[in-house]
Amino acid sequence: MIDLELPREVASLGDGVFRLDYNPPHGSPLPNFTLLASEASKGIKLSECLPGTEYNIHLYYTNISLTNWLAWSSVVATEPDPPVNLATEVATGKVVNLSWDPPSQGGHTGYKLNIIPLSDKDDAVVRKIELTDEPAPFNLRDLTPGATYEIQLYSLFKEKESSVFVASNFTTKPNTPGRFIVWYRNETTLLVLWQPPYPSGIFDQYKVSIQPPDAIQSDLYVDKEGQPLGPAQAAFWGLVPGKAYNISVQTVSQNQISDPTEATYRTVPLRPSNISFPPEAVAPYSFSVLWSPPKTPSEFDRYQVAMSGRNIKWKVVGKDEDRIATFSKDLKPGQTYEVIVKTVSGNVASWPITGNVTTQPLTVEELNATSDEIGEIWLTWQPSNDSIQDSYVIKYHEQEAFNSDGSAEVVRETEYKLNHLLPGRNYSVTVLAVSNNVGSEPATVYQTTRPATPVIEILEPYKSDLNVSWKSDVTSRQDSYAVVYYRNDTQERKEETTMNNWLILAGLYPGAGYQIKVYAVSHGLRSDPHSYFQTVPPKSPENFQIVKASNSTMILTWNRPANSLIDHYTVRYRPTDSTFWREMGVVNTTSCEIRDLVAGERYIIRVASVSNRVESVEVREEKQTMYPNSIRHVRHIIDSQNITFEWLVPAGRVDYYITVYNAVRDPLAQNSQQIPANGSKTGDTVSVIVEKLKPGELYSFRFYAVSHNLRSEGIGIQTRTMPVIDSVINIVTDEHETRTLGIKYTPTPTRNVVFDRYRFQLSDSSVPAQEKLYNDTNRLVIFDNLVPGRLYNLTIWTISGGVYSVPIYRQARLYPKPVTEVTALSITDVDITLSWDVTPGDKDGYEVQYLDHQGQLRQNITVAEKITYNNLRPHYNYTFLVTVLSGYGTSTVRRSLPISKTLETLESVPGKVHYFGASDVRPSSISLEWSLPITDQNGILTGFKVTYYVK
């Protein structure tokens, strides 16, 4: 748009017409348009002009005397369009390359550039640059590294700049961080520490990256902290042990990242595992060490192996070479050395694995052995002076024994006595010097001991014989055995020889005691004897029997055996389900009475002969079951189809109980029920339910306790089941019969129940109950002389032999007695007070109803025998109904018969006329008319009074 302001002398021209012509002919209005001189004085506006263009403008004036007179001319430049396609390219932290295209329409003579810092910490001022040529591109220099700028670019044409600019934001590349180091490392972690950039420039955070990206998080962003900036750090976890990683640190400002600072570091490799020293490779002056690679994956190049000490000399073993190293210099026999093994990755070594090895000590010298006592060998020796040893191991075993394991002893002195050796055997004895559990080469000597004494192991009686067996030491040699035995009471001596380790001594006297000695014989020499005293078992009693038994006592008898020595008898007994035997003690007679036994228990009884505390081999045995105790005091709880019986568990054992029962009127139809004892104890309560009984039936029951299929005495009881009632009950009440209650019922079917009669009873104890026979056809029961309005609880049973059924409960309320008379205590024109007599019986209040003068039913409840109504209409008939209420507010509410009373209110002052006016006006008279509805007359009208006066 061009806004032309005319010179004052041109604008002040008088009446006339101006014509404006301009070139180029682009604009609105079109060239050569005309306008009045008065309009031109306010200025002329051209729109839709070309941007960045010089317009030649000519203004011509025409009036009465002049025609197309050139009044004014000028050259005007229009505002250019802004540049387009502004682009920024960040070259370094201080240089940015800018490029753009000239305006798409119109001309331009230059550009204007505004550089505005946007970073909070950038102290630079806004820079303005004017360009007269066409830079392609333009290098913007001297910027702050990492700062953010806004570029505003305008077009210039003939000292006019575009009103619209093209803008772009950019951030320069921040400075590179300083040097960094690894502050901490282990097998899976690298912690790096670096210095901030110098100069620091502007940036937001650091970007730390690791390659290969094995870490849990391989790119980390660390916010800068502190002012001035100090060192920063970042840690990478989850790396591969021993692996080399390239780590780079960059600064980040907005979307720009600096050039990286880079370095390569390795994690610590995993240490080797399973260090060991092969025993066959350990000698007095050398040893070898073996190890395994790390247990989990790890990268490394080689192994380092050395003995610990002041001057460590490392042996290097390649990763793929055999993992073994041998040390054979400057070693001393019996000395303990520590060996260190590491893995190495690059120049980073793992934590060491260590192991201790002791070189083999030298063999002992001057080993001698002597045997002065039976079963003993005395040893002496001397250690080597060129060896270190802390103890000695003595190993010995029998020479003649096949595959003998031998024994070993550890001692610290240079002499030792071997005890408890097997007699008569040749021993090989070896002594080893030991240093830290490493033994030397053995020194061996041979020595022989004497034979051993046998040991009697078993003396097993069989009738009048004794089977004697003994055990000899397997390391002892003997040719035969000699057995010598003496009878204790007669001193008779006998001797027998055998090659076996057992012998049967036959023909011994039952019940007699014998002293037995056993010798081992080797090359005619006897060992020390092993002696043993044994009594031959006596014969068992004869004709054992149980002659009498009750529920707690039994009597036993038997006969003395012939040809046998006997001291006394032993009687034992136990329950069949127990393993504990009870003993009667010493019994010197051939009979015995056992008392205080458990009733119902089954016992095993044994009788044996005893001589010198040895019992007869054959034991006489009998079994006897005691009678169980009977049940006492059975208590019962009846129901309609079952009876629950309860009693206390009797003393003694009970396996189960049996009840036998039948209906009394049918004694042949017996039933039985077995009740398990279930581990109950004496005094516990047993409860049993006999089911599927007929309601109301009289039954006979008999109860038994059973143990081992033996019954106790029975206990009997007769009882009747509870009858049932299955009748439909209807309550009959009548508002005219306020003192009478009727009950109608349907008969209970007798096919499944036995009963005698029905019983009906009210909750009022003063009202006698009523009964009806089960076959009475009159099924109406009437209760008279009851209290009107009272709520009665009804209970109905069936009865069988004095046993009542579960009752049926009902509730019924009688109608209250109605009021007999209603009177008016007072009547006015608007009020009526009513009263009535007090009715007998139970009641909660009175209900009073009437229709008001608008025909609406009004209802009130009162507990008093009077009520007052106000605000009634004068001279109006009202009919009041009074009803007695009983059970008001409950579901059993009853209303009596109502009684009515019609009353009329008194007359009152008539109301105001509804209409009053003149119907005819004359010079000397006035005719008046008015109206008064009957509802406002309030009585019988006798006339109207008209009052007037002269105004």
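Keep in mind that glycine also has a Cβ here, set from the backbone N, Cα and C atoms.
As annotated by TrEMBL, domain 'Fibronectin type-III' applies to 82-175, 176-271, 360-453, 454-538, 540-629, 818-905, 909-951.
As a whole-number mean, the pLDDT of the domain 'Fibronectin type-III' (360-453) in this prediction is 86. Under DSSP, the residues of the domain 'Fibronectin type-III' (82-175) split into helix, strand and coil as follows: 0 helix, 47 strand, 47 coil.
Assigned with DSSP, the residues of the domain 'Fibronectin type-III' (360-453) fall into helix, strand and coil as follows: 0 helix, 47 strand, 47 coil.
Broken down by DSSP into helix, strand and coil, the domain 'Fibronectin type-III' (540-629) contains 0 helix, 50 strand, 40 coil.
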